[in-house]
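Following: one structure in structure tokens, then a few remarks.
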Amino acid sequence: MRTHYLILGLLSMSLGTLTTTAWASLGHGDNSNEVHNLDFDRTISVEAGDMWFEPEEMTIEPGETVQFDITNTGNLEHEFVIGDKAAQKAHREMMQGMTEGHGHGGHDMAESEHGGQMPSVSIKAGETKTLVWTAPENVERLEYACNIPGHYESGMYGEINL
Amino acid sequence: MTRSNIITHPLSRRQVLKGGVALGVGSAAAMGLSPAWSNPWGHTNAYAKGVEEGPEVSLAIRRESLPINGKEARPISINHTSPGPMIRLKEGQDAVLRVTNLLDEPTSIHWHGLILPPGMDGVPGVSFAGIAPGETFTYRFPVRQNGTYWYHSHSGVQEQLGHAGPLIIDAAEREPFRYDREHVLLLTDWTFEDPMSVFRNLKTMEGYYNFQERTIADLFADMRQNGLADTVEMRSMWAKMRMSSRDIADVTGSTYTYLINGHSPEENWNALFKPGEHVRLRVINGSAMSYFDVRIPGLKMTVVAADGQPVQPVPVDEFRIGVAETYDVLVSPEDDQAYTIFAESMDRSGYARATLAPRLGMQAEIPERRQIADRGMEAMSVHMDGMDHSNMQGMDHSNMQDMDHSNMQGMDHSDMDGMAGEQRKTRENGMLAAGEAQPGSRYGQAGIGIAPDERRVLVYRDLKAFTPWPDRREPGRELELHLTGNMERYMWSFDGKKFSEVTGPIHFEKDERLRLILINDTMMEHPIHLHGMWMELENGQGELIPRKHTLNVKPGERVSALITADAEGSWAFHCHLLYHMDAGMFRVVRVS
């Protein structure tokens, strides 16, 4: 129980930093066409494999708006979630709890209930999804990760240097 | 290869260690004991040492005096270490392994889990004649797989004398996980007794190594709890099976010293890491008779490979490893502290221990050992699963509510794969579809002595491949084999016949796809190993069933595996509990 409160605490802290910045999350559904109407500074292509991201780290200017094109070249479903290390960990532990508890498929949890405000997108094997995101001004380091149980631990994480 | 310089070096331990680190030579001698590959910094690409690197390796087998747990012992050594050196090959190489026998009896090496030509498999009398004293045999085979494996003698009881070692094959392509450092953890069970006298003791006196037999006091406790009728019923049930309910293992910590990389719990072998690193642990159960439950209190372990084959990652707190199985796990120790690697023997009579630490000489708390489990409740679940129901009549089930449910470990009813109500896909010919779990399997349970709710424990049902294995055919036939035994007379067999009593090999038609069904009629676990071909364990994962070289079959359980009989020749098939194999639980499979 104690860890539960701790997780909530960490999560709300990280939400605090993220929600103050403007980020837009598109491409969850089939609306990725609309992306072209949006203003972004550059596109970063990301490959999500089993169990890695390529590139393994990236540098983004504070305030820069980036469109990520994430292609899942693996055999399993993956997610691409941006957040600080603690928020990623909290998110991961919750998803782990989900699968150990009563068998919800994990990934959609990331976006709705718990990942809450963490910019995130789920990508099925073979698909490409986009995510537009503006880097915050007041943070030095963030992580991108896949928090489906076991995926982060196997190597699906990368660093964003701001 | 750098080992010999160090062993003869007249330096203090500390100097050797410092020098080793600075010069980049092996520091295995810092532990004072072999084997050399059990170097505390593990393996990184820049820092490989204490290893016999392929493709060409020479191994010399000797019997010599080496200390074990600080006491005088005479193990079998391989290149002067016991257990032997780590052999490191690369996928795609043509391996040339020269084995010289300097013993005064024949020997052999079997490359456990490797797919290779039948003449290179190393089983005397099945794949070749064995290696006579003074002779050198050269094994040559293409390396067509990668992952964590091991090697051991397949002659007599030599394996019990330390004739075993890790065999690691680096992948040709990117593996489905990444890490910064790796360590090998080879679990073995050492006895200072002569293994032949262990075998004799087992044959002459049932329960020789079991000091946990039920007593009169237990009987009265049972009667208080269960009532007289049920107690008598359960006792007679055990008597009929010629077993004691506390026979969890037949050779126990009363004779065994459990070792990790050749080191006893007191010696506390150190596996080093830098905080923040991702560490791969290659865990091999190279023991003769002992199952272990492995955990690292304070760390989640993510299982990424089983029997050398990648599986979809499973974060767990503990896993049970049967004899001859291997598991690869990833851990991410973030803090500058020591963590205990704790491998408790399944029968709770002892443990192996090492420490994952940022610096040498550290240690962490050793967890308390759990209580000995009792086979009683599990046995009943076996009987409910379709064995002899007539024996159950007269048992008043209402009394079961009064029983101590904490004893019901391993009997998680929600998980009973064997119970009705679960829909299975069946084909027109009545056979189950490929990948479906057999009725009577208990893939959702870790087994005896594990409380399912205490922590997250790996179960067979968790194991899932990334992609389907190449042969997608449905099985053309089913082959059923019963695992049988008589504990009192220490006879172990398949279908009631010891190896010495069978007339010929089990025949597989070349290139056929078949389903092997194993039914365990005994009250003990048996790790069943097929040489030469993979067994795809039908754990209910459909197309993504995992493939293994060794299957743990729990008491009373019915498990199945799909096999593609593509390896022409004669292959050994046996229980990997050494004394069970020697007692007759062994067959030859002939593919033609």
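Cβ coordinates are placed from backbone N, Cα and C, and glycine is handled just like the others.
Here is what TrEMBL says about this protein:
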type: DOMAIN; residues: B:67-172; note: domain 'Plastocyanin-like'
type: DOMAIN; residues: B:243-353; note: domain 'Plastocyanin-like'
type: DOMAIN; residues: B:474-591; note: domain 'Plastocyanin-like'
The domain 'Plastocyanin-like' (B:474-591) - residue tally per DSSP class, helix then strand then coil:
12 helix, 60 strand, 46 coil
Please average pLDDT over the domain 'Plastocyanin-like' (B:474-591) for the predicted structure.
96
When the domain 'Plastocyanin-like' (B:67-172) is classified with DSSP, how many of its residues are helical, how many are strand and how many are coil?
7 helix, 49 strand, 50 coil
Tally of helix, strand and coil residues over the domain 'Plastocyanin-like' (B:243-353) according to DSSP?
0 helix, 55 strand, 56 coil
